[in-house]
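Record features (TrEMBL):
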COMPBIAS  421-433  compositional bias 'Acidic residues'
DOMAIN    1-88  domain 'SPX'
REGION    410-439  region 'Disordered'
TRANSMEM  194-212  transmembrane segment
TRANSMEM  224-247  transmembrane segment
TRANSMEM  259-276  transmembrane segment
TRANSMEM  321-343  transmembrane segment
TRANSMEM  355-373  transmembrane segment
TRANSMEM  488-509  transmembrane segment
TRANSMEM  521-539  transmembrane segment
TRANSMEM  615-638  transmembrane segment
Amino acid sequence: MIEKIVLFLLEQQGMLASRIEKLGKQRAILQEQPDISGIAELREAYREVGVDLIKLLKFVDLNATGIRKILKKFDKRFGYRFTDYYVTSRSNHPYSQLQQVFKHVGVGAVVGALSRNLAELQERQGSYLSIYDQPSAALKDPIIDMINSSVDKLTRSTNFLRFLGQHALILDEESPSTAGEEEIEDQKYHFMSLMLNLVNTFLYMVNTYIIVPTADDYSVSLGAASTVCGVVIGSMAVAQIFSSVYFSAWSNKSYFKPLIFSSIVLFLGNVCYAIAYDMNSLTVLIAGRLLCGMGSARAVNRRYISDCVPARIRMQASAGFVSASALGMACGPALAGLLQWKFKIYMVTFNQATLPGWVMAVAWLLYLVWLSISFKEPNRATEVNDATQNPASGQRVDIGQLENGLAQPLLTDSENKQNGDEDEEIDDSEEASEDSRKPATSIGSAYRLLTPSVKVQLLIYFMLKYAMEILLSESSVITNHYFSWNTSAVAIFLAILGLTVLPVNAVVGTYISNMFEDRQLLMVSQITLLVGIIFSFKVTRTYSAVQYVASALITFVSAEVLEGVNLSLLSSVMSSRLSRGTYNGGLLSTEAGTLARVVADCTITAAGYLGVGKLLNITLLPSLVICATSIACTFLTYNSLF
């Protein structure tokens, strides 16, 4: 049946393309001999093709709904969760007929040709200036808006943007299908508020990594061992485990208030971190980092993009979220390398250890002022207008025809009404389907939605975050012990590592992901990460900087590639019920990654008691074991990763 639908879809695409080609010949004649009445007739002919195209897209949507209902009915009758397996195993498989529906390259070409020609006729009428000569011109024809709305429901942006967006794990439960819903999204969206969320993400990542090059020296100046830097760095992640939950719950009611609270807490946390030097108190130092972790509003940033940014630009906003995180990760150590001054104002000391705290306190104070002035709380009480309005008068758009779609969808009224029993079963199936789309209401209910494939992906995410945290957090101690690097050298090294994030993602998202399946990239990147970890071990008397830097680059770049592929697969195999609510997929991935950072930083501090000379090998050993375990688990679930 699916093959029949796909063949019909391809046939209709060809017919639409043929009609557009014939209209193009008429348009070429009118270019030579302009005729106002002929232009109006040609524009109307293009619009008729547009109406038929929308009907074709509606046909695809109806049949996708039909497939869902059939699978839900199967689940109900046999008591087996076949739906998740069927969709995940076929959505990205190269031989699946569903690829023609999901990718619909032919439909995209038809949409592009129709939109361009209709827009030029609509805007220029008789002048025939190219639409590309005036790229800022708005496309006002309602047919184009309706086509774009239909296409947006079936597809999203380019591979690179999608690849970056999946790093954020901002999942869409369903795309908007009506003009009324899009209008509500536009009312909720505020560009400056989005920018404030992205700036919050950037500043938080800077705040996280700005202390890494100097945390060991700061710990020593307070009378502790250099390896206590693991606790100092990791205490922020400990608090983030709890803050992610209450910020996610708080964002169900407001976005402005949690962002205000976050900024205040981060300001106070950085002040505590800075004054700990003059107070000579390691307790105040760690308390400051705990306060910084309690101000982690990444859950709010994710939720704002997911709930308040229109679907047409949501993928770009998600990519911006990831880019802001990557840029903050690189800027943090680089900024620490610049803060090498030492002076006193009254009784307050400013040096390379305390300046990161003071700089970030000022940054959060300025951000708080900007937030108070510019943020706009979205209206959560907006209701959907059921009536679809036509913005232009004199245009013939038969909405009834568009709702009916083309003939022969998978589910028809006659099939639904064969007998009373069938009708009742379908209603019950629909009821179950509605329940199945409700978000998880607790950690327990979220955990029950995790399939073996999802659990493996979360394990991989834990592993890669653990390996990266070990590498980054102990870098200052290791490089000082073996190579006598100063703070500036460590800062440059960490900044270079951070700057590899976006170029690597660009190459993988634009080229490599088009050449190989995600599960293939997942396995290869894990093996490469394992090689990087093995190469990092000190097995001889001498340990060179070349070996350390090369192994660190292999480990870090492999982990970055793995993170993108891992979250790409996680977003496809995770239940749609985890796309909304407090206990969403983003929260689960954040908790897994944060827990990995906590365990890694505690491992560094614990291993430090055995001596700095043994620190490297002892901390790498758990990374090796966890990585090997994740590779084995990936191999066992390989066939379910689509």
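FYI, residue positions are counted from 1 along the chain as it appears here.
Backbone N, Cα and C atoms are what each Cβ position is placed from, and that goes for glycine too.
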When counting Cβ pairs under 8 Å to the transmembrane segment (355-373), the leader among 194-212, 321-343, 488-509, 615-638: 194-212
Of 194-212, 259-276, 488-509, 521-539, whichever stretch has the most CB pairs under 8 A to the transmembrane segment (321-343): 194-212
Helix-strand-coil residue split for the domain 'SPX' (1-88), DSSP-based: 81 helix, 0 strand, 7 coil
Same-chain residues near the transmembrane segment (259-276), Cβ under 8 Å, at least 6 residues beyond its ends: 196-197, 200, 203-204, 207, 211, 222, 247, 282, 284-285, 287-297, 300, 348, 354-358, 360-361, 364-365, 367-368, 371-372, 375
Sequence-remote partners of the transmembrane segment (224-247) [C-beta within less than 8 Å, at least six residues beyond its ends]: 208, 211-212, 215-218, 258, 262, 282, 285-286, 289-300, 469, 473-474, 476-477, 480, 582, 587, 590-591, 594-595, 597-598, 600-605, 607-609, 612, 615
Spatial neighbours of the transmembrane segment (488-509) far in sequence, C-beta under 8 Å, 6+ residues away: 159-164, 167, 209, 212-213, 322-323, 326-327, 329-334, 336-338, 340, 472, 475-476, 479-480, 521, 549, 552-553, 556-557, 560-561, 564-565
Long-range environment of the transmembrane segment (194-212) - Cβ separation under 8 angstroms, sequence gap at least 6: 218, 232-233, 236, 255, 259, 262-263, 266, 270, 273, 289, 292, 295-298, 300-301, 304-305, 308-309, 317, 320-321, 324-329, 331-333, 335-336, 356-357, 359-360, 363-364, 367, 370-371, 374-375, 472-473, 475-476, 490, 494, 498
Overall pLDDT for the domain 'SPX' (1-88), taken as the rounded mean: 75
